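Visitor: Below you'll find the structure I mean.
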Amino acid sequence: MDVSVPPLQLAHLVLEGAIISLCVELIIKTLFFCSNQRSWLIRGLKITMATAMLIRSSIFAAFSSSSLIYHCELSGMIADAFYHVSCLSAICILLLRVKIIVPLHRQMLFNIIHSLILVARVVIGVCDVIYSHLWSDVAIGVCRYKDKREIGLTYTLFDTVVDFYVSIMITFILVTHIRRLHADRVGGNVRLYKSVVIFNATRTIILSMVNLVCAVYYLAANDSPAMVFIVWPISILFLIALVGYDTDITKSINHCKRLFSTTQTNDSINTPREEYQTKPHRSNHAASSSVAINEPILLPSSFANNEHSSFPLRRLSNMTTLDVDDNSEFAKAKDGSSDTTNSSSCTIVTVENCQQHH
């Protein structure tokens, strides 16, 4: 005699199958088709998030059959633990979005804040695994799952707050950079900044609304089977899609950071050159004639290098060209901006001194 599957249970199986398919695709894409994502930390977190959610969805899909009827409690705790591991990996990815654009002098503060966020999320996840209730429904041959209402509401709202925090910080930092570019009248790819802000705001609205719907449903109908069968899988689908497939947004944020860092460094180096252009015309004429004949200019003893006492003046034009490839070079350029300015000023003084000697 064939037994018909209830519509709610059938919808649950379809949603869990969609989650499994999305996770498998994300794992394959991250491993083999994600060459533009250079950070192995981000790739590792995405693989961890997808793998953990894949295991969780596989176990919950098996709850709809009698295969785990005698191991509901143990398998349910394992599935719940993998769910929180996946959520923790997603939060790490979100927090790294903020970290890559935070100024260097604020890195320590944000590292402390992010560490506290991760510790709090781990504690909430452990409590949920311990206090979740799982039992065998022998009448229909399936496993039932029900988490503690207060804890479920807590981690749902916590994830919503974290997502709001990440989006607000990214928006604030990038908008500040855009205003600074406009104030300094520096030409930059402002459209890239704006596209990052718009994309991030859209992602925030969608994911936050889904989390809020889950929180409201927790308050209104926690005892309803639709909470576990329908609402929870839908929120997981949005989580994997909006956090896992964020290669373009991560790359754009990192590019924005490099673009703004290079602009700031070039501005600090170009300042002495602008001051030099305000000097008397005869000094400019002397410098230009020296460049034309490409003759080395001797440095005074106070500015001379121990190894080379002269260099062609045409090298001055190359001192304003910087290429910031990674965070370490950006830090070096930022820390050494004052030294670079001083060396440029010394070179200009040398030109003037040579003119005075003549």
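Just so you know, glycine gets a Cβ as well, placed from its N, Cα and C.
Below are the features listed in TrEMBL for this protein:
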TRANSMEM  12-35  transmembrane segment
TRANSMEM  47-70  transmembrane segment
TRANSMEM  76-96  transmembrane segment
TRANSMEM  108-131  transmembrane segment
TRANSMEM  151-175  transmembrane segment
TRANSMEM  196-220  transmembrane segment
TRANSMEM  226-245  transmembrane segment
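Please situate the listed features within the shown structure.
Guide: A Cβ distance under 8 Å defines the sequence-distant neighbours of the transmembrane segment (151-175), meaning residues of its chain 6+ beyond its ends; these are 84, 87, 91, 94-95, 97-98, 101-102, 117, 120-121, 124-125, 127-128, 131, 193, 196-197, 200-201, 203-204, 207-208, 211-212, 214-215, 218-219, 222, 253, 256.
Same-chain neighbours of the transmembrane segment (226-245): 8-9, 11-12, 15-16, 18-19, 22-23, 26, 30, 46, 49-50, 53, 57, 60, 83, 86-87, 90, 93-94, 145-146, 203, 206-207, 210-211, 213-214, 217-218, counting only residues six or more beyond its ends whose CB sits under 8 Å from a CB of the stretch.
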Visitor: Which bits of the chain, at least 6 residues beyond where the transmembrane segment (76-96) starts or stops, bring a Cβ under 8 A of a Cβ in it?
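Guide: Those are 41-42, 45-46, 48-50, 52-53, 55-56, 59-60, 63, 114, 117-118, 121-122, 124-126, 128-129, 132, 134, 143, 145, 147, 155, 159, 162-163, 166, 236, 239, 243-244, 246, in sequence order.
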Visitor: So if I exclude everything within five residues of the ends of the transmembrane segment (12-35), which remaining residues of that chain have a CB under 8 angstroms from its CBs? That is, six or more out.
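Guide: The answer is 5, 43, 46-47, 50-51, 53-54, 57-58, 60-61, 64, 228-230, 233-234, 236-237, 240-241, 244-245, 247.
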Visitor: Quick test of the contact rule: Cβ under 8 Å, at least six residues beyond the ends. What residues does that give for the transmembrane segment (47-70)?
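Guide: For the transmembrane segment (47-70), the far contacts come to 5, 9, 12-13, 16-17, 19-20, 22-24, 26-27, 30-31, 76, 78-80, 82-83, 85-86, 89-90, 93, 136, 138, 141-145, 228, 233, 236, 239-240, 243-244.
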Visitor: When you scan the chain for residues with a C-beta under 8 Å from the transmembrane segment (196-220), skipping those not six or more beyond its ends, what do you find?
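Guide: Same-chain contacts beyond the flanks: 149, 152-153, 156-157, 159-160, 163-164, 166-167, 170-171, 174-175, 226-227, 231-232, 234-235, 238-239, 242-243, 246, 248-249, 252-253, 256.
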Visitor: Give residue numbers and ranges for long-range contacts of the transmembrane segment (108-131): same chain, 6 or more residues beyond its ends, CB-CB under 8 A.
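Guide: Sequence-remote neighbours of the transmembrane segment (108-131) are 77, 80-81, 84-85, 87-88, 91-92, 95, 98-99, 102, 147-148, 151-152, 154-155, 158, 162.
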